[in-house]
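A.B. asks: Got a structure for you, questions after.
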Amino acid sequence: MDYIKQAESTQLSSLSLSRLEGNNAEESKRLLEACAQDGFFYLDLRDHKQLLVDYEALLEIIKQYFNEPLDQKMKDDRKSDTIGYEPVATSAGVLDGLPDYYESFKVSWNQLRDHVQELPTVVETNIEVFDRFAKYVHSILLMILSRLSQTMGRNNDNRFESYHRDSIATRTNLTFLKYPKQDTTEHGVGHNKHTDVGTLTFLLSGQRGLQRLTPEGWCHVEPRSGFAVVNVGDSLRFLSDCVLSSVIHRVLPVGAHQTEDRYTLAYFLRPEDDAVFKDINGNLVSARSWHDRKFDHFRASHNQQKNDTILMGGMEENQKFLQYKFQA
(Lines of atoms letter the chains of each structure in order from A and count residues from 1; the text may use other names and numbers.)
(Lines give C-alpha, C1' and ligand atoms only; values in the text may rest on other atoms or scores of the structure.)
Protein backbone atom coordinates (compact mmCIF):
# COMPACT_ATOMS: atom_id res chain seq x y z
CA MET A 1 0.00 0.00 0.00
CA ASP A 2 1.21 3.53 -0.77
CA TYR A 3 2.79 5.66 1.91
CA ILE A 4 0.20 8.13 3.19
CA LYS A 5 1.05 11.41 4.86
CA GLN A 6 -0.57 12.37 8.14
CA ALA A 7 -3.84 14.29 8.24
CA GLU A 8 -3.75 17.61 6.44
CA SER A 9 -6.94 19.23 7.66
CA THR A 10 -5.05 22.40 8.56
CA GLN A 11 -3.44 22.60 5.10
CA LEU A 12 -6.62 23.00 3.06
CA SER A 13 -8.39 26.36 3.00
CA SER A 14 -11.56 26.75 5.07
CA LEU A 15 -14.06 29.10 3.44
CA SER A 16 -17.20 30.59 4.94
CA LEU A 17 -20.44 29.87 3.12
CA SER A 18 -21.99 32.94 4.75
CA ARG A 19 -19.19 35.21 3.51
CA LEU A 20 -19.41 33.79 -0.01
CA GLU A 21 -23.18 34.23 -0.04
CA GLY A 22 -22.58 37.83 1.06
CA ASN A 23 -20.30 38.32 -1.98
CA ASN A 24 -17.30 39.12 0.20
CA ALA A 25 -14.46 40.00 -2.20
CA GLU A 26 -11.66 38.65 0.00
CA GLU A 27 -13.46 35.33 0.50
CA SER A 28 -14.05 35.07 -3.26
CA LYS A 29 -10.34 35.62 -3.86
CA ARG A 30 -9.51 32.86 -1.36
CA LEU A 31 -12.03 30.63 -3.16
CA LEU A 32 -10.24 31.10 -6.47
CA GLU A 33 -6.86 30.42 -4.90
CA ALA A 34 -8.13 27.22 -3.25
CA CYS A 35 -9.69 25.92 -6.47
CA ALA A 36 -6.59 26.72 -8.50
CA GLN A 37 -3.91 25.54 -6.09
CA ASP A 38 -5.47 22.63 -4.19
CA GLY A 39 -8.66 21.75 -6.05
CA PHE A 40 -10.18 21.02 -2.60
CA PHE A 41 -11.44 23.20 0.24
CA TYR A 42 -13.54 23.01 3.38
CA LEU A 43 -16.84 24.92 3.35
CA ASP A 44 -18.10 26.11 6.73
CA LEU A 45 -21.82 25.31 7.06
CA ARG A 46 -22.19 25.98 10.78
CA ASP A 47 -24.38 29.06 10.21
CA HIS A 48 -26.75 26.97 8.09
CA LYS A 49 -28.47 24.83 10.70
CA GLN A 50 -31.30 23.52 8.51
CA LEU A 51 -28.82 22.17 5.97
CA LEU A 52 -26.98 20.24 8.68
CA VAL A 53 -30.25 18.99 10.20
CA ASP A 54 -31.37 17.76 6.78
CA TYR A 55 -28.03 16.03 6.25
CA GLU A 56 -28.40 14.11 9.51
CA ALA A 57 -31.97 13.17 8.58
CA LEU A 58 -30.89 11.91 5.16
CA LEU A 59 -28.03 9.97 6.72
CA GLU A 60 -30.44 8.06 8.96
CA ILE A 61 -32.82 7.42 6.06
CA ILE A 62 -30.07 6.07 3.83
CA LYS A 63 -28.58 3.89 6.59
CA GLN A 64 -31.93 2.16 6.90
CA TYR A 65 -32.14 1.82 3.12
CA PHE A 66 -28.68 0.25 2.77
CA ASN A 67 -29.52 -2.20 5.58
CA GLU A 68 -32.37 -3.67 3.54
CA PRO A 69 -31.82 -7.10 1.89
CA LEU A 70 -29.93 -6.97 -1.40
CA ASP A 71 -32.85 -8.35 -3.41
CA GLN A 72 -35.01 -5.50 -2.12
CA LYS A 73 -32.43 -2.84 -3.05
CA MET A 74 -31.90 -4.40 -6.48
CA LYS A 75 -35.48 -3.42 -7.33
CA ASP A 76 -34.05 0.11 -7.57
CA ASP A 77 -31.21 -0.95 -9.90
CA ARG A 78 -31.70 1.10 -13.08
CA LYS A 79 -28.37 0.14 -14.75
CA SER A 80 -27.70 3.88 -14.70
CA ASP A 81 -24.81 6.10 -13.60
CA THR A 82 -27.17 8.80 -12.31
CA ILE A 83 -30.28 7.04 -11.01
CA GLY A 84 -30.99 4.24 -8.54
CA TYR A 85 -29.08 1.57 -6.65
CA GLU A 86 -25.74 -0.04 -7.51
CA PRO A 87 -24.23 -2.94 -5.51
CA VAL A 88 -20.60 -3.37 -4.46
CA ALA A 89 -17.83 -4.59 -6.77
CA THR A 90 -19.05 -3.16 -10.08
CA SER A 91 -15.86 -1.21 -10.93
CA ALA A 92 -12.11 -1.63 -10.58
CA GLY A 93 -10.98 -0.98 -7.00
CA VAL A 94 -7.88 0.44 -5.36
CA LEU A 95 -5.90 -2.82 -5.34
CA ASP A 96 -4.73 -4.20 -8.67
CA GLY A 97 -6.94 -7.04 -9.89
CA LEU A 98 -9.67 -6.47 -7.29
CA PRO A 99 -12.96 -4.56 -7.60
CA ASP A 100 -14.20 -1.63 -5.54
CA TYR A 101 -16.15 -2.25 -2.35
CA TYR A 102 -18.92 0.32 -1.96
CA GLU A 103 -22.61 0.39 -2.78
CA SER A 104 -24.41 3.52 -3.92
CA PHE A 105 -27.83 5.07 -4.32
CA LYS A 106 -28.33 7.99 -6.70
CA VAL A 107 -31.10 10.53 -7.15
CA SER A 108 -31.04 12.50 -10.39
CA TRP A 109 -31.36 16.29 -10.27
CA ASN A 110 -33.52 16.02 -13.41
CA GLN A 111 -35.94 13.82 -11.45
CA LEU A 112 -36.17 16.13 -8.45
CA ARG A 113 -36.34 19.32 -10.51
CA ASP A 114 -39.04 17.99 -12.81
CA HIS A 115 -41.04 16.26 -10.03
CA VAL A 116 -41.25 12.97 -11.94
CA GLN A 117 -43.64 10.33 -10.67
CA GLU A 118 -41.29 7.33 -10.85
CA LEU A 119 -38.97 8.08 -7.94
CA PRO A 120 -37.75 5.19 -5.78
CA THR A 121 -39.97 4.58 -2.77
CA VAL A 122 -37.38 5.78 -0.24
CA VAL A 123 -37.23 9.14 -2.04
CA GLU A 124 -40.97 9.44 -2.57
CA THR A 125 -41.63 8.70 1.10
CA ASN A 126 -39.16 11.37 2.22
CA ILE A 127 -39.50 13.75 -0.72
CA GLU A 128 -39.59 16.94 1.35
CA VAL A 129 -36.13 16.50 2.88
CA PHE A 130 -34.58 15.10 -0.33
CA ASP A 131 -36.00 17.99 -2.34
CA ARG A 132 -35.08 20.73 0.14
CA PHE A 133 -31.52 19.48 0.64
CA ALA A 134 -30.75 18.94 -3.06
CA LYS A 135 -32.14 22.31 -4.11
CA TYR A 136 -30.19 24.17 -1.43
CA VAL A 137 -26.88 22.45 -2.21
CA HIS A 138 -27.49 22.98 -5.93
CA SER A 139 -27.98 26.71 -5.32
CA ILE A 140 -24.84 26.85 -3.14
CA LEU A 141 -22.69 25.33 -5.88
CA LEU A 142 -24.12 27.64 -8.54
CA MET A 143 -23.34 30.57 -6.25
CA ILE A 144 -19.74 29.32 -5.91
CA LEU A 145 -19.48 29.16 -9.71
CA SER A 146 -20.78 32.72 -9.87
CA ARG A 147 -18.12 33.92 -7.41
CA LEU A 148 -15.42 32.17 -9.45
CA SER A 149 -16.71 33.71 -12.68
CA GLN A 150 -16.77 37.15 -11.11
CA THR A 151 -13.29 36.88 -9.61
CA MET A 152 -11.81 35.54 -12.86
CA GLY A 153 -13.47 38.28 -14.93
CA ARG A 154 -15.65 35.94 -16.97
CA ASN A 155 -18.73 37.56 -18.53
CA ASN A 156 -22.02 36.64 -20.18
CA ASP A 157 -22.01 33.19 -21.84
CA ASN A 158 -18.44 32.63 -20.66
CA ARG A 159 -19.50 32.54 -17.00
CA PHE A 160 -19.30 29.07 -15.47
CA GLU A 161 -22.90 29.10 -14.27
CA SER A 162 -24.12 29.70 -17.85
CA TYR A 163 -23.28 26.04 -18.57
CA HIS A 164 -25.81 24.97 -15.91
CA ARG A 165 -29.14 26.37 -17.12
CA ASP A 166 -31.94 25.13 -14.92
CA SER A 167 -34.27 23.70 -17.55
CA ILE A 168 -31.65 21.67 -19.47
CA ALA A 169 -30.89 17.97 -18.95
CA THR A 170 -27.75 17.24 -16.91
CA ARG A 171 -25.96 14.32 -15.23
CA THR A 172 -26.11 16.20 -11.87
CA ASN A 173 -27.17 13.95 -8.99
CA LEU A 174 -27.31 13.40 -5.25
CA THR A 175 -25.40 10.21 -4.36
CA PHE A 176 -25.16 8.20 -1.15
CA LEU A 177 -22.30 5.74 -0.70
CA LYS A 178 -21.77 2.98 1.83
CA TYR A 179 -18.40 1.27 2.30
CA PRO A 180 -19.45 -1.86 4.22
CA LYS A 181 -17.53 -3.24 7.16
CA GLN A 182 -15.09 -5.96 6.04
CA ASP A 183 -13.11 -8.75 7.66
CA THR A 184 -10.80 -8.99 4.64
CA THR A 185 -9.99 -7.18 1.40
CA GLU A 186 -9.97 -10.33 -0.72
CA HIS A 187 -13.34 -9.45 -2.30
CA GLY A 188 -12.44 -5.83 -3.07
CA VAL A 189 -11.64 -2.58 -1.31
CA GLY A 190 -12.29 1.14 -1.41
CA HIS A 191 -12.86 3.49 -4.33
CA ASN A 192 -10.19 3.63 -7.02
CA LYS A 193 -8.17 6.79 -7.69
CA HIS A 194 -9.85 9.22 -10.08
CA THR A 195 -10.79 12.81 -10.74
CA ASP A 196 -14.46 13.77 -10.62
CA VAL A 197 -16.16 14.13 -13.97
CA GLY A 198 -18.28 17.22 -13.35
CA THR A 199 -18.04 20.81 -12.21
CA LEU A 200 -18.05 20.80 -8.40
CA THR A 201 -18.53 18.04 -5.83
CA PHE A 202 -20.03 18.70 -2.38
CA LEU A 203 -19.13 15.97 0.15
CA LEU A 204 -20.36 15.32 3.68
CA SER A 205 -19.00 12.48 5.80
CA GLY A 206 -18.16 12.10 9.46
CA GLN A 207 -15.66 9.29 8.86
CA ARG A 208 -12.09 9.10 7.60
CA GLY A 209 -11.04 7.45 4.36
CA LEU A 210 -10.89 10.18 1.71
CA GLN A 211 -7.39 10.86 0.38
CA ARG A 212 -6.12 13.27 -2.26
CA LEU A 213 -2.96 13.04 -4.31
CA THR A 214 -0.40 15.84 -4.00
CA PRO A 215 3.10 16.17 -5.50
CA GLU A 216 4.40 14.79 -2.18
CA GLY A 217 2.11 11.75 -2.15
CA TRP A 218 -1.29 10.68 -0.80
CA CYS A 219 -2.75 12.82 2.01
CA HIS A 220 -5.76 12.28 4.25
CA VAL A 221 -8.61 14.77 3.94
CA GLU A 222 -9.95 14.79 7.48
CA PRO A 223 -13.71 15.04 8.11
CA ARG A 224 -14.71 18.17 10.05
CA SER A 225 -18.02 18.48 11.85
CA GLY A 226 -20.15 21.27 10.38
CA PHE A 227 -18.02 21.51 7.23
CA ALA A 228 -18.43 20.11 3.72
CA VAL A 229 -15.51 19.18 1.51
CA VAL A 230 -15.83 20.75 -1.95
CA ASN A 231 -13.64 19.83 -4.89
CA VAL A 232 -13.23 20.83 -8.53
CA GLY A 233 -14.10 18.33 -11.28
CA ASP A 234 -12.79 17.80 -14.80
CA SER A 235 -15.50 19.83 -16.51
CA LEU A 236 -14.73 22.96 -14.49
CA ARG A 237 -11.01 22.47 -15.03
CA PHE A 238 -11.53 22.30 -18.79
CA LEU A 239 -13.99 25.22 -18.83
CA SER A 240 -11.41 27.31 -16.94
CA ASP A 241 -8.69 26.51 -19.51
CA CYS A 242 -6.97 24.41 -16.84
CA VAL A 243 -6.59 27.31 -14.40
CA LEU A 244 -8.61 25.38 -11.81
CA SER A 245 -7.38 21.99 -10.57
CA SER A 246 -9.31 18.73 -10.70
CA VAL A 247 -7.25 16.68 -8.27
CA ILE A 248 -6.91 12.89 -8.09
CA HIS A 249 -8.45 11.32 -5.01
CA ARG A 250 -9.56 7.92 -3.69
CA VAL A 251 -11.17 6.24 -0.68
CA LEU A 252 -9.38 3.59 1.39
CA PRO A 253 -9.94 2.01 4.81
CA VAL A 254 -7.92 3.72 7.53
CA GLY A 255 -6.50 0.35 8.62
CA ALA A 256 -5.89 -2.94 6.84
CA HIS A 257 -9.59 -3.25 5.98
CA GLN A 258 -12.87 -1.43 6.56
CA THR A 259 -13.58 -1.91 10.28
CA GLU A 260 -16.94 -0.11 10.31
CA ASP A 261 -19.63 0.86 7.84
CA ARG A 262 -18.59 4.18 6.25
CA TYR A 263 -21.17 6.56 4.78
CA THR A 264 -20.75 9.52 2.45
CA LEU A 265 -23.23 11.95 0.93
CA ALA A 266 -22.07 13.54 -2.33
CA TYR A 267 -23.76 16.11 -4.54
CA PHE A 268 -22.21 16.06 -8.01
CA LEU A 269 -22.88 19.26 -9.96
CA ARG A 270 -22.33 18.66 -13.66
CA PRO A 271 -22.80 20.88 -16.73
CA GLU A 272 -25.80 20.54 -18.98
CA ASP A 273 -25.41 17.55 -21.30
CA ASP A 274 -24.70 19.56 -24.46
CA ALA A 275 -22.09 21.88 -22.93
CA VAL A 276 -18.86 21.66 -24.94
CA PHE A 277 -15.26 22.07 -23.80
CA LYS A 278 -11.75 21.00 -24.81
CA ASP A 279 -10.42 17.93 -23.02
CA ILE A 280 -6.82 17.32 -21.97
CA ASN A 281 -5.91 16.35 -25.55
CA GLY A 282 -7.47 19.48 -27.03
CA ASN A 283 -10.48 17.63 -28.45
CA LEU A 284 -13.92 19.21 -28.30
CA VAL A 285 -16.22 16.99 -26.24
CA SER A 286 -19.67 17.38 -24.74
CA ALA A 287 -20.22 17.11 -21.00
CA ARG A 288 -22.48 14.09 -21.59
CA SER A 289 -19.92 12.23 -23.70
CA TRP A 290 -17.11 12.93 -21.21
CA HIS A 291 -19.34 11.66 -18.39
CA ASP A 292 -20.34 8.48 -20.21
CA ARG A 293 -16.80 7.64 -21.36
CA LYS A 294 -15.44 8.16 -17.86
CA PHE A 295 -18.01 5.93 -16.20
CA ASP A 296 -17.41 3.22 -18.78
CA HIS A 297 -13.72 3.49 -17.88
CA PHE A 298 -14.49 3.07 -14.16
CA ARG A 299 -15.84 -0.38 -15.02
CA ALA A 300 -12.85 -1.35 -17.18
CA SER A 301 -10.06 -3.59 -15.88
CA HIS A 302 -6.96 -2.09 -14.28
CA ASN A 303 -4.92 -2.99 -17.38
CA GLN A 304 -7.41 -1.24 -19.66
CA GLN A 305 -7.44 1.82 -17.39
CA LYS A 306 -3.66 2.17 -17.73
CA ASN A 307 -4.03 2.72 -21.48
CA ASP A 308 -6.11 5.90 -21.18
CA THR A 309 -5.83 9.15 -19.22
CA ILE A 310 -9.56 9.71 -18.76
CA LEU A 311 -9.91 8.22 -15.26
CA MET A 312 -7.38 10.71 -13.89
CA GLY A 313 -8.55 13.52 -16.17
CA GLY A 314 -5.01 13.85 -17.53
CA MET A 315 -3.72 14.80 -14.07
CA GLU A 316 -1.31 11.86 -13.78
CA GLU A 317 1.61 10.79 -15.94
CA ASN A 318 3.79 7.76 -15.22
CA GLN A 319 2.19 7.53 -11.75
CA LYS A 320 3.20 11.12 -10.97
CA PHE A 321 0.87 13.99 -10.17
CA LEU A 322 0.86 16.89 -12.63
CA GLN A 323 0.63 20.20 -10.82
CA TYR A 324 -0.56 23.33 -12.55
CA LYS A 325 0.71 26.42 -10.75
CA PHE A 326 -1.72 29.27 -10.23
CA GLN A 327 -0.41 32.78 -10.66
CA ALA A 328 -2.43 35.37 -8.72
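If you go along the chain as it appears here, the first residue is 1 and each next one adds 1.
Glycine residues also receive a Cβ, built from the backbone N, Cα and C atoms like all the rest.
Sharing the feature lines straight out of Swiss-Prot:
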BINDING   His194, Asp196, His249  Fe cation binding site
BINDING   Arg262  2-oxoglutarate binding site
DOMAIN    170-271  domain 'Fe2OG dioxygenase'
A.B. asks: Under DSSP, is His249 (Fe cation binding site) helix, strand or coil?
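C.D. replies: Going by the DSSP assignment, His249 (Fe cation binding site) falls within a strand, counted as strand.
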A.B. asks: Taking the mean position of the Cβ atoms of His194, Asp196, His249 as the Fe cation site, which residues outside that list, in the same chain, have a Cβ no more than 8 Å away, listed in sequence order?
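C.D. replies: Other same-chain residues with Cβ inside the cutoff are Lys193, Thr195, Thr201, Asn231, Gly233, Ser246, Val247, Ile248, Arg250.
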A.B. asks: Give me the non-local Cβ neighbours of Asp196 (Fe cation binding site): same chain, 6+ apart in sequence, Cβ-Cβ under 8 Å, ordered along the sequence.
C.D. replies: Asn231, Val232, Gly233, Asp234, Ser246, Phe268
A.B. asks: Per DSSP, what is the residue count of the domain 'Fe2OG dioxygenase' (170-271) in each of helix, strand and coil?
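C.D. replies: Residue counts in helix, strand and coil order: 6 helix, 43 strand, 53 coil.
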A.B. asks: Would you mind reading off the Cα separation of His249 (Fe cation binding site) from Arg262 (2-oxoglutarate binding site), to the nearest angstrom?
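C.D. replies: Rounded to a whole number, the Cα-Cα distance is 17 Å.
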A.B. asks: Please work out the mean pLDDT for the residues of the domain 'Fe2OG dioxygenase' (170-271).
C.D. replies: 92
A.B. asks: For His194 (Fe cation binding site), just count the other CB atoms lying within 10 A of its CB, please.
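C.D. replies: A count of 23.
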A.B. asks: Name, in the order they occur in the sequence, the residues of the same chain whose CB lies under 8 A from the CB of the residue listed as '2-oxoglutarate binding site' and which sit 6 or more residues away.
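C.D. replies: Listed in sequence order: Lys178, Tyr179, Ser205, Gln207, Gly209, Val251.
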A.B. asks: For His249 (Fe cation binding site), just count the other CB atoms lying within 10 A of its CB, please.
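C.D. replies: His249 (Fe cation binding site) is surrounded by 23 other Cβ atoms within 10 Å.
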